[in-house]
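Notes follow once the structure below has been shown.
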Number of protein chains: 2
Amino acid sequence: MSERVSEPSARGITHPQGFRAAGLAAGIKVSGRPDLALVVNDGPSDSAAAVFTRNKVKAAPVLWSQQVMTTGTLRAVVLNSGGANACTGPQGFQTAHATAEKAAEMLGVGAIDVAICSTGLIGAQLPRETLLAGVEKAAGALEASPEAGLAAATAIMTTDTRPKEALAVREGWSAGGITKGAGMIAPSMATMLSVLTTDAVASSEVLERALRAAVRVSFDRLDIDGSMSTNDTVIVMASGASGVTPSEEELAAALTEVAKDLARQMQADAEGVTKRATIRVTGAASEDDAVVVARTVARDSLVKTALFGSDPNWGRIAAAAGYADAELDPDRLDVTINGVLLCQGGVAAADREGADLSGEDILVEVALGLGSGEAEILTTDLSHAYVEENSAYSS
Amino acid sequence: MSERVSEPSARGITHPQGFRAAGLAAGIKVSGRPDLALVVNDGPSDSAAAVFTRNKVKAAPVLWSQQVMTTGTLRAVVLNSGGANACTGPQGFQTAHATAEKAAEMLGVGAIDVAICSTGLIGAQLPRETLLAGVEKAAGALEASPEAGLAAATAIMTTDTRPKEALAVREGWSAGGITKGAGMIAPSMATMLSVLTTDAVASSEVLERALRAAVRVSFDRLDIDGSMSTNDTVIVMASGASGVTPSEEELAAALTEVAKDLARQMQADAEGVTKRATIRVTGAASEDDAVVVARTVARDSLVKTALFGSDPNWGRIAAAAGYADAELDPDRLDVTINGVLLCQGGVAAADREGADLSGEDILVEVALGLGSGEAEILTTDLSHAYVEENSAYSS
């Protein structure tokens, strides 16, 4: 059933039928690089669902989009880089509102049909007129071509080194997606924005459940530095243009495939990264416990610097697992790094030098021996480049 | 009432009457530097209390010391650097037990009167015979002199650059302390060990409550990198030799003064540090909430790298406060850095360049406007030197 289409021309949000996209340089970024994207669902269906940051300090576009998503429908998403529009008060909210109004006017829909996503520096107002002129221009540039999807993926990049697109093709229908970011890429720009599209027929209720199931095991399992943005947003729109109605499970599987692919791309592209690490926890009392242990190990600064130093320091991993808020029996703890069992039953099992961490990919396996709960968290090392990227530039 | 005695010769654990100490090179460290300390309470009282790491992976000396502390009494503490004796199984526990037996034999007390503290690499066995020979030698070198207290403080150093002692003198009695460590100093050696002494008369119940009160606002408010060691231990012993019985409040205040002084010294000496930061949260719904917000800001990698870059990036501070698990109203959030109000009511209040972060000390004030809860967390920046220290050496 699952078929990956790898040609760049076939990837992304415009592969599913019923979607058009545009991406261009509106002049929000002083660098003149692309900074505005528009994704439109031409239907026939306008089902949509979204997941937003749980940060209590929410950017204006998040507050706006949460409101419009209460209807479970959406016709378009406007996304901009070059400014987060967070901590900007009523003026910032008015900018988000005006952006939706402009897009709605251009598309002949209501402002309530338009979601907004922003990414960039926190605390600065967006240049409203520049933004609105950009929306007008983008509406005139909409296309269903692969190039248009790629242009949208490119316009939401901050310090990403490459645009990120993914696609899952099924019999008669498909699901696509674009994304930007991951904590390590850049400070307050750390925001993760993603738009997924599908031409499957799905009610907003089914779409909502399928999206949550997909996000839970993909974006929510990517943890670069533990920081949670004010702007994180994942939106899915279903056009129904294929006429195919997959089961909820089939839909969730396709969205999961796309979201996992995008999460892997974010992990790989995080700037300052020299190692990509997968923290796999098995034998936990529950899946929740497995996630907590894996996340705690993934976030531990001492573990992350050891990964950077190619040091198979299992003691730091055992210590991090030990302070995770989850059930753990220190006498049943096994730690395996890149296939070499270094700690068994909480005690050294082999010379740590036996594990070779010189490559770019590192697999850390923590077995708790308590139950059947398991989970993986994707993370990265903590490198000099991370410190440089996040300290040398005011961002 | 509170009088600081600043001459080095008067500081530390041997100032209170009834205590002797020793510190020497037992040969545990391959470098040949001091690695073994012994602190003895000659009474008349043997009241004691302790606080241990909450890590579920507990080192053998922690497991041993937790057992002996169930009596609420103690005659001596043996401390070693050069090895954590963590993740060492039954053999490691036997080493801790044998160490206590040896000290007890030399001092004419029971093994149950001797606590053990260790710090160093996790996962390696300590050289038992070397350690026991060192204990024998230390027992013969015990003195009540200031130099002996300093020798003990020196013997527990790992990559600390200087020994850490503190003293609070009251009318007729005093409290002293030594400590080592803080997360940033070195990886698995990140352990914080501290021994406090007082010649006040106090029951073990009073001592326990006074110690917990002191630790709660001192060591527990120091957060270098969020990692919790397998070996963290704070022990207080009361000799009663002064004959003075302070109130529980007076005792708690003296222990707090000593512990806060030691915590500041650990913050200042953390290797790789270029900035010392105090995160002060006010106006929280409760003190617990204030601690949670301050700790979350203090641990945020993006905040820490901004501090290293002398960047007054209040947006990162607001974002970190926003994902803390505490009550927060984004429209009431004020952020002040080094006295300059940069964010008021959740919106930019001044040009961020107005705050000068070029100095070594940075005060970040976060006002929540909700209640009267307040707290301070001491932390440091995230620097190139931290990454270097924790990645380049297998430790």
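If you go along the chain as it appears here, the first residue is 1 and each next one adds 1.
Keep in mind that glycine also has a Cβ here, set from the backbone N, Cα and C atoms.
Feature list (source: TrEMBL):
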- A:Thr191: active site, nucleophile (ACT_SITE)
- A:Thr158, A:Lys180, A:Thr191, A:Glu271, A:Asn390, A:Ser395: substrate binding site (BINDING)
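Distribution of TrEMBL features across the structure.
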| residue | record | Cβ neighbours (10 Å) |
| --- | --- | --- |
| A:Thr158 | substrate binding site | 25 |
| A:Lys180 | substrate binding site | 29 |
| A:Asn390 | substrate binding site | 31 |
DSSP state at A:Asn390 (substrate binding site), helix/strand/coil = helix
